[in-house]
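Q: One structure, pasted below without further comment.
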Amino acid sequence: MKKGIHPEMKLVTVKCACGAEHKFYTVKENVRIDVCSSCHPFYKGAGAAGMIVDTEGRIEKFKKKYNLE
(Lines of atoms letter the chains of each structure in order from A and count residues from 1; the text may use other names and numbers.)
(Lines give C-alpha, C1' and ligand atoms only; values in the text may rest on other atoms or scores of the structure.)
Protein backbone atom coordinates (compact mmCIF):
# COMPACT_ATOMS: atom_id res chain seq x y z
CA MET A 1 0.00 0.00 0.00
CA LYS A 2 1.17 3.51 -0.73
CA LYS A 3 1.88 5.65 2.29
CA GLY A 4 0.04 8.92 2.83
CA ILE A 5 -2.97 8.30 0.56
CA HIS A 6 -5.15 6.20 2.85
CA PRO A 7 -7.38 7.76 5.52
CA GLU A 8 -6.45 7.09 9.13
CA MET A 9 -8.60 4.50 10.89
CA LYS A 10 -9.93 5.40 14.34
CA LEU A 11 -11.54 3.31 17.05
CA VAL A 12 -14.95 4.87 17.67
CA THR A 13 -17.87 4.06 19.92
CA VAL A 14 -21.12 3.72 18.02
CA LYS A 15 -24.30 4.54 19.93
CA CYS A 16 -27.55 2.91 18.86
CA ALA A 17 -30.99 4.40 19.34
CA CYS A 18 -31.69 1.65 21.92
CA GLY A 19 -28.77 2.86 24.04
CA ALA A 20 -26.34 0.04 23.26
CA GLU A 21 -22.75 0.95 22.48
CA HIS A 22 -20.44 -0.91 20.09
CA LYS A 23 -16.81 -0.19 19.22
CA PHE A 24 -15.25 -0.58 15.79
CA TYR A 25 -12.72 1.02 13.48
CA THR A 26 -13.79 3.60 10.89
CA VAL A 27 -12.52 6.75 9.19
CA LYS A 28 -15.40 8.82 10.61
CA GLU A 29 -15.28 10.66 13.92
CA ASN A 30 -18.66 9.51 15.23
CA VAL A 31 -21.38 7.19 13.95
CA ARG A 32 -25.01 6.91 15.04
CA ILE A 33 -27.23 4.00 14.07
CA ASP A 34 -30.94 3.32 14.48
CA VAL A 35 -30.82 -0.47 14.83
CA CYS A 36 -28.07 -2.78 16.08
CA SER A 37 -27.66 -6.45 16.95
CA SER A 38 -28.87 -5.72 20.49
CA CYS A 39 -32.29 -4.43 19.40
CA HIS A 40 -32.94 -5.78 15.87
CA PRO A 41 -35.78 -8.37 15.84
CA PHE A 42 -33.71 -10.89 13.86
CA TYR A 43 -31.03 -11.05 16.57
CA LYS A 44 -33.55 -10.96 19.44
CA GLY A 45 -35.18 -14.22 18.29
CA ALA A 46 -38.09 -12.86 16.28
CA GLY A 47 -36.18 -13.25 13.02
CA ALA A 48 -35.34 -16.67 11.65
CA ALA A 49 -37.21 -18.61 14.32
CA GLY A 50 -40.24 -16.34 14.24
CA MET A 51 -40.62 -16.09 10.50
CA ILE A 52 -43.43 -18.03 8.86
CA VAL A 53 -42.46 -19.47 5.50
CA ASP A 54 -45.34 -20.29 3.19
CA THR A 55 -44.28 -23.42 1.33
CA GLU A 56 -47.64 -25.16 1.34
CA GLY A 57 -48.18 -26.89 -1.96
CA ARG A 58 -45.11 -25.52 -3.72
CA ILE A 59 -43.27 -28.83 -3.88
CA GLU A 60 -46.38 -30.67 -5.01
CA LYS A 61 -47.03 -28.02 -7.67
CA PHE A 62 -43.44 -28.37 -8.93
CA LYS A 63 -43.67 -32.17 -9.08
CA LYS A 64 -47.00 -32.00 -10.91
CA LYS A 65 -45.67 -29.45 -13.41
CA TYR A 66 -42.66 -31.59 -14.36
CA ASN A 67 -44.35 -35.02 -13.95
CA LEU A 68 -42.14 -36.08 -11.05
CA GLU A 69 -43.09 -38.56 -8.35
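Every residue, even glycine, has its Cβ placed from backbone N, Cα and C.
Quantities reported herein were computed from a predicted structural model and do not represent experimental measurements.
Here's the feature list from Swiss-Prot:
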BINDING   Cys16, Cys18, Cys36, Cys39  Zn(2+) binding site
Q: Tell me the coarse DSSP state (helix, strand, coil) of Cys16 (Zn(2+) binding site).
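A: In the DSSP reduction, Cys16 (Zn(2+) binding site) maps to strand.
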Q: Taking only same-chain residues 6+ apart in sequence, whose CB is under 8 Å from that of Cys39 (Zn(2+) binding site), what do you get?
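A: The list for Cys39 (Zn(2+) binding site) reads Cys16, Ala17, Cys18, Ala20, given in order along the sequence.
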Q: If H, G and I count as helix, E and B as strand, and all else as coil, what does DSSP give for Cys36 (Zn(2+) binding site)?
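A: Where Cys36 (Zn(2+) binding site) sits, the three-state DSSP reduction gives coil.
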Q: Out of Cys16, Cys18, Cys36, which of the binding-site residues is least crowded by other Cβ atoms within 10 Å?
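A: Minimum Cβ neighbour count within 10 Å, taken over the binding-site residues Cys16, Cys18, Cys36, occurs at Cys18.
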